Amino acid sequence: MEMNIALLPGDGIGPEVIAQAVKVVKAVGKKFGHTINFEEAPVGAAAIDLTGNPYPDATHDVCLRADAVLFGAIGDPKYDNDPKAKVRPEQGLLEMRRKLGLFANVRPTFTFPSLIHKSPLKLERVEGVDFVFFRELTGGIYFGEPRGRNEQGTKAFDTNVYTKEEITRLARMGFEAAQKRRKLLTCVDKANVLATSRLWRETVQELAPEYPDVKVEYEFVDAVAMRLIQWPKAYDVLITENLFGDILTDEASVISGSMGLMPSASVGTENKLFEPIHGSYPQAAGKDIANPLATVLSAAMMFEYAFDMKAEAQAISDVVNKSLAEGIVTEDIAEGSKAYKTSEVGDWLAENL
Ligand code: IPM
Ligand code: MN
């Protein structure tokens, strides 16, 4: 098969980790006989420097032309401490999600046998953890209007808005995923306080009879924050709104032992984007030390979700597991043994695939 992939390396360690994913994707192409074309485009602070816009139209066109987008990270410390900056790299990410219609962010948490001891949780709590969040990504308080300040600048407001339609399309993805997994769906909300959450709960309750094989649980977000740490094995598929999902998926991503390991997919009806959960990690940028595995595993998700190629995805996760077992790892997980460079890990993966 021939496939066109848009590469958006972005900021910080983005370019380094994307470069390793490209090596692995090329190796997959060779092994399985696919022609893979790449087209690169700037996003985030890198795009602001070049064009003044964190998500330029030309970059959007590259994404629209592609069958899938592989994205690194966005963010630059020079904007973080300047709340008055007019243009921010993160706006590029939000624009990209909105314009590409990426309404569902799929963030799995699973464990790696050889790394399980790195988890901040006790072994018996984390062994066998395997759940996935479906975070709504183009609605809620991230996009709701009105937002802003009063004239004096002494009062600020954001608006949380959800339509039934937005909730339904995200919830259906969750139900369908649960059907293919352990058939448990948890709707995470704050229905005891928020009107939007009550609409979430009501909508999910209405859909549930269409999926009689799926058991549905409703839990408040604060309780989920606690139970994720106490007993993460209790979960299978979780669905939630944009802001709750942002917070809980960061919490979830460290359960497995390192944030450098967890991939994600952002999907809509037309477009699909794949990215590591970790951010731009500016302290490590350009040092060739960042862990490329989350990005490499995001490429595995790309083969599975964008191209329905399970064997290709499996080949990538197998070689990642092999690299972990053999200690071909970056310094964040090396623990006293030899730490390999980002680029060395990428080379090793591509050679051993
Ligand atoms: C994420 C990030 C973004 C978000 C930021 C960078 C805008 O934290 O992808 O989770 O809040 O969605
Ligand atoms: Mn986040």
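Placement of Cβ uses the backbone N, Cα and C atoms for every residue, glycine included.
Of all Cβ atoms in the protein chains displayed, 13 besides its own lie within 10 Å of the Cβ of D222 (substrate binding site). Summarising the annotation, TrEMBL assigns substrate binding site to R97, R107, R135, D222.
Listed in sequence order, M259, I277 are the same-chain residues at least 6 apart in sequence whose CB falls under 8 Å from the CB of D250 (Mg(2+) binding site). According to TrEMBL, the feature Mg(2+) binding site maps to D222, D246, D250.
What TrEMBL records for 4-349 is domain 'Isopropylmalate dehydrogenase-like'.
Taken from TrEMBL, the feature site 'Important for catalysis' applies to Y142 (among others). Around Y142 (site 'Important for catalysis'), taking its Cβ as the centre, 18 other Cβ atoms fall within 10 Å, counting all chains.
Within the same chain, the residues at least 6 positions away from K190 (site 'Important for catalysis') whose Cβ sits under 8 Å from its Cβ are S197, F220, V221, D222, F244, listed in sequence order. Taken from TrEMBL, the feature site 'Important for catalysis' covers K190 (among others).
In the three-state DSSP scheme, R135 (substrate binding site) falls into the strand class. Comparing the Cα of D246 (Mg(2+) binding site) with the Cα of every entry in R97, R107, R135, Y142, these being the recorded positions, the smallest distance points to R135. Ligand 2 lies under 6 Å from the Cβ of D246, out of the recorded positions R107, R135, K190, D222, D246. Each of the binding-site residues R97, R107, R135 was scored by the number of other CB atoms within 10 Å of its CB, and the largest score is that of R135. Filtering Y142, D222, D246, D250 by Cβ distance to ligand 1 (under 6 A) retains the following recorded positions: D246. Following the DSSP three-state reduction, the secondary structure of K190 (site 'Important for catalysis') is coil.
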